[in-house]
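This report refers to the structure that appears directly beneath it.
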Amino acid sequence: MSDLPGIVVTGASGRMGQMLMKTVLASGKARLVGAVERPGSDWVGRDAGAAMGGAAIGVTVTDDPLAAFAQAQAVIDFTAPEATVQFAELAAQARAVHVIGTTGLEPVHLERLAWAAHHAVIVRAGNMSLGVNLLTRLTQKVAEALDEDWDIEVVEAHHRMKVDAPSGTALMLGEAAARGRGVDLAQARVSGRDGITGPRAPGSIGFSAIRGGDIVGEHDVIFAAAGERITLRHVATDRAIFARGALKAALWGQDKRPGQYDMMDVLGL
């Protein structure tokens, strides 16, 4: 077992953090060697397995990420933008693969990730599932095939606790549509229409977000023309799909050169 890659999970106490730890522990392909939480968390100092309500696993939750990363070959990180860029710099120091599922990253954060990627492998994606990445590729292909008479709308739905909108996955799909059309999403994007908006701008790519209940994640890409429409859809019913994809990315990155990669690279799409 000791020759298996060691994985550290950040944001250990969160729903995704716990799912990631359980996925690593059950995989038989990697070892969970660390769990990181913010200073002041009541998880710090506890055994990660016991903190999740199970048996002890011999991994103590820490608030010292660099010490944890130094013992690992990969870090899996679904936290928040400011935390993620700090983790990226520390993972680069430790030369650990950094798998990032954090959404809501702004250009200032991406600049810091680009620096870290000079020294370590970073795999970042708005969504780690195979199905969504296939949907992304299909979205680009359909957008390439259809002209501007077909309007493009991205509609996403998530649980009530999600703090950013549109979702990272929705933006990933929008970027794919924009690439297919040969346009810049920043110029084509229209989000959250309200009030008297006037006619739809030709060539625009619209985004709508729904928040409620415990919806894991639903994404529709709608291509609408006069008299017909095409809807490409993905529904996630279990966030374990994201954890499995993240672990796949962590293992894939072990023999890669420093740089920035995404799930398309991991999946060979």
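Here, residue 1 is simply the first one shown, and the rest follow in order.
In case you wondered, yes, glycine gets a Cβ from its N, Cα and C as well.
Annotated active site, proton donor/acceptor per Swiss-Prot: His158, in sequence order. According to Swiss-Prot, the active site, proton donor annotation covers Lys162, on the basis of sequence analysis. Among the features that Swiss-Prot reports, NAD(+) binding site is placed at Gly11, Ala12, Ser13, Gly14, Arg15, Met16, Glu37, Gly101, Thr102, Thr103, Ala125, Gly126, Asn127, Met128. Here Swiss-Prot flags Arg38 as NADP(+) binding site. The annotation (S)-2,3,4,5-tetrahydrodipicolinate binding site is assigned in Swiss-Prot to His159, Gly168, Thr169 on the grounds of sequence analysis.
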> Around His159 ((S)-2,3,4,5-tetrahydrodipicolinate binding site), how many other C-beta atoms are within 10 angstroms of its C-beta?
Replying inline: 14
> In the structure shown, which of the binding-site residues Gly11, Gly168 has the fewest other Cβ atoms within 10 Å?
Replying inline: Gly168
>> Say we define neighbours as other CB atoms within 10 Å of the CB. Which of the binding-site residues Ser13, Thr102, Asn127, Thr169 has the fewest?
In response: Ser13
> CA-CA, which of the binding-site residues Glu37, Arg38, Thr102 lies nearest the residue listed as 'active site, proton donor/acceptor'?
Replying inline: Thr102
>> Return only the integer: C-alpha distance in Å from Thr169 ((S)-2,3,4,5-tetrahydrodipicolinate binding site) to Arg15 (NAD(+) binding site).
In response: 18
>> Measuring Cα to Cα, how far is His159 ((S)-2,3,4,5-tetrahydrodipicolinate binding site) from Ser13 (NAD(+) binding site) in Å?
In response: 18
> Using a 10 Å radius around each Cβ and counting other Cβ atoms from all shown chains, which of the binding-site residues Glu37, Arg38 yields the largest count?
Replying inline: Glu37
> Given Ala125 (NAD(+) binding site) and Lys162 (active site, proton donor), what distance in Å do their CA atoms have, once rounded to a whole number?
Replying inline: 17
>> Let me make sure I understand the structure: which of the recorded positions listed (Arg15, His158, Lys162) has the fewest other Cβ atoms within 10 A of its Cβ?
In response: Arg15
> Within 8 Å of the centroid of the Cβ atoms of His159, Gly168, Thr169, which other residues of that chain place their own Cβ, given that this set defines the recorded (S)-2,3,4,5-tetrahydrodipicolinate site?
Replying inline: Thr103, Gly126, Asn127, Glu156, His158, Lys162, Asp164, Ser167, Ala170, Gly217
